[in-house]
Amino acid sequence: MGGRVFLAFCVWLTLPGAETQDSRGCARWCPQNSSCVNATACRCNPGFSSFSEIITTPTETCDDINECATPSKVSCGKFSDCWNTEGSYDCVCSPGYEPVSGAKTFKNESENTCQDVDECQQNPRLCKSYGTCVNTLGSYTCQCLPGFKFIPEDPKVCTDVNECTSGQNPCHSSTHCLNNVGSYQCRCRPGWQPIPGSPNGPNNTVCEDVDECSSGQHQCDSSTVCFNTVGSYSCRCRPGWKPRHGIPNNQKDTVCEDMTFSTWTPPPGVHSQTLSRFFDKVQDLGRDSKTSSAEVTIQNVIKLVDELMEAPGDVEALAPPVRHLIATQLLSNLEDIMRILAKSLPKGPFTYISPSNTELTLMIQERGDKNVTMGQSSARMKLNWAVAAGAEDPGPAVAGILSIQNMTTLLANASLNLHSKKQAELEEIYESSIRGVQLRRLSAVNSIFLSHNNTKELNSPILFAFSHLESSDGEAGRDPPAKDVMPGPRQELLCAFWKSDSDRGGHWATEGCQVLGSKNGSTTCQCSHLSSFAILMAHYDVEDWKLTLITRVGLALSLFCLLLCILTFLLVRPIQGSRTTIHLHLCICLFVGSTIFLAGIENEGGQVGLRCRLVAGLLHYCFLAAFCWMSLEGLELYFLVVRVFQGQGLSTRWLCLIGYGVPLLIVGVSAAIYSKGYGRPRYCWLDFEQGFLWSFLGPVTFIILCNAVIFVTTVWKLTQKFSEINPDMKKLKKARALTITAIAQLFLLGCTWVFGLFIFDDRSLVLTYVFTILNCLQGAFLYLLHCLLNKKVREEYRKWACLVAGGSKYSEFTSTTSGTGHNQTRALRASESGI
């Protein structure tokens, strides 16, 4: 026990504050913030506390008491805050408040004199421009003035509110919102004015349009007409006038001048007196034309066009590309003139029909977006009126249809340009290549035009219905038929338009157009562009490899047989005579004609040029000559049988004069009357127009009928002579053989050309095969009839064969046959055959 007390005493001595007791008896080890009670105890000072009230050991401490902590026994009062201090506390006024007494601190509520501080009064610039300071209890706020708002970055900075763009204005729709700094105004727009009794500026302003045109406030030139618009006005050219160069129309400063025709001149390099006179007359109309007489000018222009179409004069003799170029220029110029003159006419429909049935239909009315239907006897059209108006010309919109029926001369032999997609479709359908297209125009040429000329690609398609016109020569006539036109084999009904072509002057095309249907004598089309349209019947020339093979092989065989006939008639002496001469020239004509037919019958390119006309003329001459020589054979039979005792027939000179002279005369007269009849777009043969085919068909029919009469007479005479006891029985048998041969020859050649006359018809595929086969058999038949079946010719062939085989056999053969052959030669006339 004594040891423990000693150890505690030693520890006490080492602790801080441990001192020996003073003389008064107070402990010297009391902790900080405490005071001595006696020599062995201490007590914490006010505002501090320890674990026990009396501190008896130096290890205890006195900690500060937080009088302000909750629950607080201190009450500072309102608008104040309690602040704890070391061993005590203070009451201070809250931020935004200050004591009235001036003391910074106080101890209890009774000493509280805190009151609100007016920061707005102390610092008027607390809120920046366009802001107002508002004092609050203990603080302040900034409020923006009306028409302003705080910026997001700083709640003390205000900026202007644009009521016009934010939609916070109640302005009437007839006014214009004008933003001001912190406010806005509702003011009338330019060209508007407040309605009577309404102010101009406040938010209750209501405005109305000012009619500058009726009030005289406009500044339009005298060449224009004032048009009031909502809030403004425009100056538009008078009807029949156009803006001066470089000045836009429908502006306030627009200045206009009277419209004039564009210069009409023949295309470069085209020399035609008829065309020059026509263009001169049109130019005279243009110089004399006035806006007030637009209707009369339209009628006069159409009459001039009709005169040119009905009496083309030397235009008809121009080459097809030149005529097509003239057609292109004529149609384009007519559209421009009608477009210009139509704008001088009063609003509403307009129709004019010339004595030649050329018809013009116009529709003139204000802009809109409704569907409009207009039509005439030859065509009808349905379109959206917004398409007719366009964007360039603000005036009344114009749509027109100009139907010209008599354009056969200018558009003759025009070709159809098949685009690659159409070509591929046709070749897939017919499983063969397309060599060309034959066209037949079924309708008038209808030029469609609008107010503007930007019609290559329309916003919406236009519907057309074109009437079919009666046709007798492959082109459109004037009177509509009562029945529909049905396409035949390899034919198609097309809605085509005339397209400019630098090489051919112009051609038909179908891009952008499709046929929707055909009934009641008309065809309906839909097109996405405008031009001059027509309904065409296209006959596709599909390459027939079988027919081509038959033609080439068969004609080659025929030419070979004809060549054998020619050599036989020239070299076999026993058969020489007038009849052999006839057969020789007949074969020569057929040989030359077949050679030309094989080499040049097809017209490549579709244009009828000099080569094609020459081939057609030579074929015409050769085949006519062949029939003339065949008629001479009938004449020889007439002299032999009917007039057997009255001479020897015609001499060789007369035979050649008739056989070659008569065909030459026929061809010459035909060419002089209608030279364009030679050549067609597809084949180099006689054209069907104006009955030109009868220049061949007529003589052939006459020759066949005459020969038939001669042969009937010959057979009748032979029958009479055979019924008698006639000493010339041998000669009569020979005549009978000659007659049978001639009849067979006439039958073959006649039947061949009966089919051949129709070979070039569009639906003559079967007839073409028949004609080709018979034509290929002509040479072989003539060789069989006049050579192989002729006994004398066969004997000559044997001699030639023996001569080629060897001389001994030929000597033996001639010794055994010389006697009989000599007797036969003496017994017969030189002109007789030996069948």
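Glycine too: its Cβ is placed from the backbone N, Cα and C atoms.
The N-linked glycosylation site annotation in Swiss-Prot covers ASN33 (among others). Residues near ASN33 (N-linked glycosylation site) in space but far in sequence (CB under 8 A, at least 6 apart, same chain), listed by position: CYS44, ASN45, PHE48, CYS62, ASP64, GLY87.
A C-beta separation below 8 Å, combined with a sequence spacing of at least six in one chain, links ASN38 (N-linked glycosylation site) to GLY25, CYS26, ALA27. According to Swiss-Prot, the feature N-linked glycosylation site maps to ASN38 (among others).
The feature N-linked glycosylation site is assigned by Swiss-Prot to ASN108 (among others). Secondary structure at ASN108 (N-linked glycosylation site), as computed by DSSP, is coil. The number of other Cβ atoms within 10 Å of the Cβ belonging to ASN108 (N-linked glycosylation site), over all protein chains shown, comes to 11.
Taken from Swiss-Prot, the feature domain 'EGF-like 3' covers 116-159, and the record attributes it to sequence analysis. As a whole-number mean, the pLDDT of the domain 'EGF-like 3' (116-159) in this prediction is 85.
Residues within less than 8 Å, Cβ to Cβ, of ASN203 (N-linked glycosylation site) and separated from it by at least 6 positions along the same chain comprise ASN169, PRO170, CYS171, TYR184, CYS186. Look at Swiss-Prot and you will find ASN203 (among others) tagged as N-linked glycosylation site, backed by sequence analysis.
Around the Cβ of ASN371 (N-linked glycosylation site), the same chain contributes LYS382, LEU383, ASN384, TRP385, each under 8 angstroms and 6 or more positions distant in sequence. Residues or ranges marked as N-linked glycosylation site in Swiss-Prot: ASN371 (among others).
What Swiss-Prot records for ASN406 (among others) is N-linked glycosylation site, and it gives sequence analysis as the kind of evidence. ASN406 (N-linked glycosylation site): 21 other CB atoms within 10 A of its CB, across all protein chains.
Cβ neighbour count for ASN413 (N-linked glycosylation site) (all protein chains, 10 Å cutoff from its Cβ): 18. ASN413 (N-linked glycosylation site) falls outside any helix or strand according to DSSP and counts as coil. What Swiss-Prot records for ASN413 (among others) is N-linked glycosylation site.
Cβ neighbours within 10 Å of ASN453 (N-linked glycosylation site), excluding its own Cβ and spanning all shown chains: 14. If you look up Swiss-Prot, you'll see ASN453 (among others) marked as N-linked glycosylation site, on the strength of experimental evidence.
The N-linked glycosylation site feature in Swiss-Prot is assigned to ASN520 (among others); the stated evidence is sequence analysis. Classification of ASN520 (N-linked glycosylation site) by DSSP places it in coil, neither helical nor stranded.
What Swiss-Prot lists as region 'Disordered' is 814-835.
Feature annotation from Swiss-Prot assigns compositional bias 'Polar residues' to 814-826.
Sequence-distant contacts of the domain 'EGF-like 3' (116-159) (same chain, six or more residues past either end, CB-CB distance under 8 Å): 79, 94-98, 180-184. The Cα of ASN108 (N-linked glycosylation site) lies closest to that of ASN453, out of the glycosylation sites ASN406, ASN453, ASN520.
Neighbours of ASN520 (N-linked glycosylation site), defined as other CB atoms within 10 A of its CB across all chains, total 11. Mapped onto three states, the DSSP output places ASN371 (N-linked glycosylation site) in strand.
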